[in-house]
């Protein structure tokens, strides 16, 4: 199992992450598509090739092809949107009257349940640190009737995967440097 491979690759100092990853992979708060889509989108957002490969391998066995692509699509489109809207927010409203002019059709037609896509976008926005997008996706999820518990669990998944990605990158960098 690839989650097992990922857990086994974590060093002793990341024991909490190993335990959290075990726990979150068995979440009953999220349905299977929500969980594995959030895991996959979050892994893509970490920019850790190993984390993405290991989670993607298992996600491919669980998710439909449409959900797999939509989760990666959420990570990709949020990679653009989070930079744009976070940057725009730093400018203190001086550009709020200008149109974004960015193509974002996947958000309107993700190929899966829109609430699931929003959940994955919410998770990625938390990893990428965009308060504007995080709040917008949370609002859309609440309007769609998604419970606070489901939204919060998605945030937990994102946090754990982000921490795992950081630990994996540190471990790989130190191994490459023979430290």
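Here the Cβ of each residue, glycine as well, is placed from N, Cα and C on the backbone.
Around the Cβ of residue 130 (active site, proton donor), 23 further Cβ atoms fall within 10 Å across all displayed protein chains. In the three-state DSSP scheme, residue 130 (active site, proton donor) is classed as coil. The active site, proton donor annotation in Swiss-Prot covers 130.
Residues near residue 133 (disulfide bond) in space but far in sequence (CB under 8 A, at least 6 apart, same chain), listed by position: 78, 81, 82, 85, 86, 121, 125. Positions annotated as disulfide bond by Swiss-Prot, on the basis of similarity to another entry: 130-133.
Sequence annotations record features per position, and here Swiss-Prot assigns active site, cysteine sulfenic acid (-SOH) intermediate to 133.
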